[in-house]
Amino acid sequence: MKRTHTCGELTLDNKGEKVILQGWVKKNRKLGALTFIDLRDRYGTTQLLIDESSQKKFPEIKSEFVIEITGEVLERKSKNPDLKTGEIEVKVINLIIINEAKLTPFEIKDGLEANEDTKMTFRYLDLRREEMQKNLLIRSQVNKIIRDYYHRLNFIEVETPIFGKSTPEGARDFLVPSRVNVNKFYALPQSPQLYKQLLMIAGMDRYFQIAKCFRDEDLRIDRQPEFTQLDMEMSFATPEDIQNNIENLLAEIIFKVKNIKIKTPLPRITYQEAISKYGIDKPDLRFSLEINDVNDIFKSSEVNLFCNLKKNEKIRAIKVDSLLAKKDLEQLTEVAKQNSLVNLPFLKYSNNEWTGSLAKNLSDSEKQQLLKKFEIKGDCTILFAVGDFDISSRGLGAVRNEAAKILKLYKPEEINLLWVVDFPLFEFSEEENRYVAAHHPFTQPKEESLQDFDKNKSTALAAAYDIVMNGFEIGGGSQRITNENIQKRMFKAIEMSNQTVEDNFGWFINAYQYGAPYHSGCALGIDRIVMILTQASSIREVIAFPKNSNGIDPMTNAPDLVSTKQLDEINLKLK
Ligand code: ASP
């Protein structure tokens, strides 16, 4: 290459050398007789120096021009210890413009607060910013660690189709009309689930793939219509084998990227414990703030809210070690309401005095029991939820997360990982008025549920597990059903007719009649993991070309209208 060095490379070791650099003009400033230019590329920034006598020789340059310079490396007078190249500068001997640049719609700098859609319209400029480059570099590093790890362990990387048949992952499919097969559609894979199971039957033994997945769901900060999974599956492996494999991988990623040592084996808690202690199946355990049942304390209470409890209603509460200000309580009440709670009654305790919306009829015995139950030693606030167990748990779970944020109960760079195991096999769908598979219908019931999972659907447990990082579900998997009879019972339990099963999965279930190993697997959301590792505020920050919150790419304007000719070719007419 013509350049002798990148812009992030030169140090005092190169003093006196003649070099050629190419890059973008980050800054261009005149100080008296001298001109200083910061030249930027992906590797860093190098300071260029043009003295007065040379200035007239060179063309005028502006920010974001791409230039090439020949120059001599000098020791800098005022050094910049924060920069790898901070001890040197390059005195420019020759300068040519490779390409000029228009005034950019926003300044290319870290901490930029431009409108999201403007940034996405000019994504290639946004990606010039150091913090965005760092995100993509870390993502590339994570992919490499994954590939190295799995090759080391004898896994093979297999690519599976993007044009396939609908797989039952629980979300809506994206459909692609086939031109050649009139009126028929491919579905984009929600995950490579069925293919990887077939690879086990095919004898591949250990499979992994960094796979694109597509789900037509409403967007959130941690959701995009297309996203990337590390997908893996192992034959003759139990859920514990998979959990060990995945946690060792994550420990390696976190150590190599963040230099943080994660202690393995990771804690494992059951789904039931997660809901009951933290109100959510993906608890953030960087802080404790456990939810407690306090029905016992208020058995014969005169507090208005507690005297007329209905049979199934639970009183649940969390204590925070702080006297929450009015504004914080309002913020928490708002979160409670967004999560189906009617309100968020509270008690405050300070200097032996109880105040707050529930304090009026609180008896001495109740006060004593509260002190004991919550091991109260100083000022605190107790937040209550009353209602059905699930609603009060989930409501307080959301309040718990918000309270930790308000009270800054964790350090932003901290990382906490855990497994949530023993998920329910089914969940009841109000919409469809039937039980549906909570994970997917190929998930093996847990040993203790094998006998009666199709009779006791509300309590049946699955051999399924999720991995949680800082309150985000970053992955999950299960042991798969490999027995025809269990699979049939499973489909019957979710009220799928034989015909539907045959039409949709006949091809898949048949495969299990030709000799299948038992197998288990898992998938990790790479976008979410990189988002947490880079402390980005959304997965959009770690995807090169994402969609905005309406599922649109403002740069290309996808999705867009297509011509009548294109529609005719695929035999479609718009409604
Ligand atoms: N395919 C599943 C998912 O995307 C993961 C698995 O069961 O391996 O959630």
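Even glycines carry a Cβ here, placed using N, Cα and C.
Any TrEMBL annotation is an automated prediction that lacks curation.
Not measured: the values here are computed from a predicted model.
Cross-referencing Gln209, Gln224, Gln535 against the ATP binding annotation in TrEMBL, which names Arg215, Asp216, Glu217, Glu473, Gly525, Ile526, Asp527, Arg528, picks out Gln224.
In TrEMBL, the feature region 'Aspartate' is placed on 193-196, out of the ranges 193-196, 205-208, 357-360, 389-392. Across the fold, the C-alpha of Glu473 (ATP binding site) and the C-alpha of Arg215 (L-aspartate binding site) stand 16 Å from each other. Rounded to a whole value, the Cα-Cα separation of Arg215 (L-aspartate binding site) and Ile526 (ATP binding site) is 15 Å. With the fewest other Cβ atoms inside 10 Å of its Cβ, the least crowded of the binding-site residues Glu217, Glu473 in this structure is Glu217.
Taken together, the residues of the domain 'Aminoacyl-transfer RNA synthetases class-II family profile' (138-546) have an average pLDDT of 95. Away from its own ends, the region 'Aspartate' (193-196) comes close to residues 160-161, 164, 167, 169, 207, 209, 231-233, 440, 442, 505, 508, 521 of its chain (Cβ-Cβ under 8 Å, at least six residues beyond either end). His439 (L-aspartate binding site) has a Cβ environment of 23 other Cβ atoms inside 10 Å.
Nearest by CA distance to His439 (L-aspartate binding site), out of the binding-site residues Glu217, Ile526, Arg528, is Glu217.
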